[in-house]
Amino acid sequence: MEAEAFVSRRTAMETPGVDSRVSSAAAGAEFRWMGNRLLDATGGFVGSLSPRMPGEPDFTPVVHRVETSVEPEIDYEGLPQGSATSTHMLAGSVAGIMEHCLMYPIDCVKTRMQSLHPEPGARYRNVMDGLRQIVRTEGVWRPIRGVNVLAVGAGPAHALYFACYEKIKLSLSDAIHPGANSHFANGAAGCMATVLHDAIMNPAEVVKQRMQMFNSPYRGVLHCMGSLWRHDGPAAFYRSYTTQLTMNVPFQALHFMTYEYLQELLNPHRQYNPSSHVVSGALAGAIAAAVTTPLDVCKTLLNTQEAQAIHVMQAEAATAAVGTAAGSRHISGLTEACRTVYRMGGVPAFFKGVQARIIYQMPSTAISWSVYEFFKYIITKRQHERRLRGDGDK
């Protein structure tokens, strides 16, 4: 559109000596004359008329251009330089705590449903049946027993998790496809971030799952930690670490690649869009959870060290006349866990609790991503406003 607009014929005819072409602040706007001053529809001053030199028309319009400043759209994906890491860590920490705390009752049922040899009082048809039975027989607070240790671990774990993911994703994407999204970079960043996340979360997971089991002998979190330390030593807190990494690395790689792919479809401009974050997070979590359920069953066995499973392992070792294994009191390692799961239930045992795991992960990842993106947007917006105020004061 041309910078100059035409004043209406009526105005030009009623004002002799005025050239019909007059610069205006916006094309198509209405103007009126008052004396030798040109005013807009709201009465604001736009221009004036000044005499010309002899031999030229009596008047010429002198129009003052009206500058309108438009505040640039906030790009919350491109965070302010120097504050990106702290922003990701704070947003990730809040997202992790909310995710785990809100979904903890479902996680409690999932842990029990993955038991290879559940007690008669801990056999549930589905997630809702499990929650009803736990509340009815063990009290209303039983499904959230141990949530405090998970909240303490989830804060720093998710802070490192999201900060590491965003930093590595940006670096790898620039190296592989500058200026474009890379699925390989997303997956690799998710895998590397998982190593740090699980290093912090694994001890909390061990204590949490011990507290969640039916007829758990521990009075509280500190009692559980002290008992584990005295009887099994510090190694008990990381007995399932390699298995958890084996599960979470493919889980997070698939999770992040699916999420970023869905964001390209649902939110191609990468603006803050809560509905797209919820849908992408939920679907990504469901797919990744279903695929990695067999490894999650093995991880639960290593964390809980079910007595019945240990008896089966010891009986097999005694039958095979392997003296060293016969006296073993623990199931250790992914291979031994897989063998024990298969011995006790065959292939179907690897998918125990798959429904509960998907029901847990779908809202869990939806909450995590939506809360993370929301806080990232809010923090970035405030930093942007502070920076504008700072520039205005100069």
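Even glycines carry a Cβ here, placed using N, Cα and C.
Whatever TrEMBL says is automated annotation, not expert-curated.
What TrEMBL annotates here:
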| type | residues | note |
| --- | --- | --- |
| REPEAT | 83-171 | repeat 'Solcar' |
| REPEAT | 181-265 | repeat 'Solcar' |
| REPEAT | 272-378 | repeat 'Solcar' |
Structural state census, the repeat 'Solcar' (181-265) (DSSP three-state)
72 helix, 0 strand, 13 coil
Going by DSSP, how much of the repeat 'Solcar' (83-171) is helix, how much is strand and how much is coil, in residues?
72 helix, 0 strand, 17 coil
Using DSSP, how many residues of the repeat 'Solcar' (272-378) fall into helix, strand and coil, respectively?
89 helix, 0 strand, 18 coil
